[in-house]
Amino acid sequence: MSATTGSLIRAATARLQAAGVEGARLDAQLLMGHVLGRTRLDLIAYDRDPVTEAQFLAFEALVARRMAREPVSHILGRREFWSLDFAVTEATLAPRADSETLIVAALEYFKARAKPRRILDLGTGTGCLLLALLHEFPDAFGVGVDRNPATARVARDNAARLGLLSRAAFLVGDWATALGGPFDLVISNPPYIASADIPALDPEVARFEPLGALDGGADGLEDYRRLAPDMGRLLADDGQLLFEIGATQGREVSKLVETAGFRHVAVLRDLGGRDRVIDACK
Ligand SMILES: C[S@@+](CC[C@H](N)C(=O)[O-])C[C@H]1O[C@@H](n2cnc3c(N)ncnc32)[C@H](O)[C@@H]1O
């Protein structure tokens with residue numbers, strides 16, 4: 001067979017583009033890298049390397065999945081967040097780079113204060129937020145809660161692989177109903193897409209990510225309404241509350257948090273300039 005890694009990546013890029021995939025070249029490189037066990041940088045250096053028939057067939061199978069709009073993170077079973085590697089399954093939302101805004105906000109708040117020792121993550125998913133924070137705050141212990149047992153298991157496995165399991169516990173539960181405080185830092189990235197908007201999302205999200213991680217009810221705010229009233233009792237007096245929000249939800253979620261008794265409430269933006277995080281303290 002005369003195909004090289006480079007020629008196969010170029011051909012796959014064109015097919016993925018035709019299938020409506022954004023970032024087709026990057027995805028083709030990631031899929032080829034997965035098949036060959038090489039980094040993207042390797043692939044540039046070994047552009048003219050021949051591939052075996054088995055490698056060709058394996059690559060074709062992955063490209064077909066991506067053409068059906070399955071996200072790369074699901075195909076590879078991993079996604080990087082905060083430079084850490086997270087396993088991703090069909091039970092978890094893939095970590096999003098925009099969520100790193102929340103980690104930056106926590107680092108900023110605790111820069112001039114005693115570092116947090118008790119962290120609570122409500123709706124932990126892969127555990128990406130909690131585990132990134134535990135990585136940054138080496139004296140902290142974290143509790144991650146998720147309603148879905150399969151999701152909580154993925155978070156636990158991620159903690160084990162990252163060497164953080166001795167400082168983390170994962171519980172299956174309905175938000176914080178079974179928990180007491182106080183925690184120094186409480187974070188949550190709850191489902192916040194309005195139910196009617198979900199079918200119009202990219203197929204990667206609408207068809208492959210778990211509905212229970214996306215659906216925030218009729219106006220997308222249902223889970224903030226449930227979460228906000230519990231935050232006062234869960235948070236230490238000088239602690240920080242961080243909610244991830246959708247880009248248009250800053251005002252409404254701020255109001256809910258203020259109504260729950262928080263006096264200092266700010267809306268923070270992500271690197272794309274969109275409202276992304278509610279940062280609050282008492
Ligand atoms: C938007 S995802 C966020 C996942 C992860 N924290 C992240 O940022 O990538 C929301 C998560 O909340 C969980 N969830 C939804 N409703 C819940 C509830 N009532 N109690 C606990 N977890 C819930 C979902 O299963 C999902 O894992």
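Just so you know, glycine gets a Cβ as well, placed from its N, Cα and C.
Since the structure is predicted, the reported quantities are computational estimates derived from the model, not experimental observations.
If you check TrEMBL, you get these features:
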- 8-77: domain 'Release factor glutamine methyltransferase N-terminal' (DOMAIN)
- 118-192: domain 'Methyltransferase' (DOMAIN)
- Gly123, Thr124, Gly125, Thr126, Gly127, Asp146, Trp175, Asn189: S-adenosyl-L-methionine binding site (BINDING)
- Asn189, Pro190, Pro191, Tyr192: substrate binding site (BINDING)
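Under 8 Å, Cβ to Cβ, and six or more positions away along its own chain, Trp175 (S-adenosyl-L-methionine binding site) finds Leu122, Gly123, Val145, Arg147, Asp223, Arg226, Leu227, Asp230. Filtering Gly127, Trp175, Tyr192 by Cβ distance to ligand 1 (under 6 A) retains the following binding-site residues: Trp175. Looking at the residues that bind S-adenosyl-L-methionine per the record, Gly123, Thr124, Gly125, Thr126, Gly127, Asp146, Trp175, Asn189, the two CA atoms farthest apart are separated by 16 Å. The separation of Tyr192 (substrate binding site) from Gly125 (S-adenosyl-L-methionine binding site), Cα to Cα, is 14 Å.
With Thr124 (S-adenosyl-L-methionine binding site) as the anchor, the candidate binding-site residues are Pro190, Pro191, Tyr192, and the one with the nearest CA is Pro190.
If you take the C-beta of Thr126 (S-adenosyl-L-methionine binding site) and look for same-chain residues 6 or more apart in sequence within under 8 angstroms, you find Arg79, Phe81, Phe86, Ala87, Val88, Thr92, Leu93, Ala94, Pro95, Thr151, Val154, Ala155, Asn158.
Each residue in the domain 'Release factor glutamine methyltransferase N-terminal' (8-77) gets a DSSP state, and the totals come to 50 helix, 1 strand, 19 coil. The number of other CB atoms found within 10 A of the CB of Gly127 (S-adenosyl-L-methionine binding site), across every protein chain shown, is 31.
For Pro190 (substrate binding site), the same-chain residues that are 6 or more apart in sequence and have a Cβ closer than 8 Å to its Cβ are Leu122, Gly123, Gly216, Asp223, Tyr224, Leu227, Phe243, Glu244.
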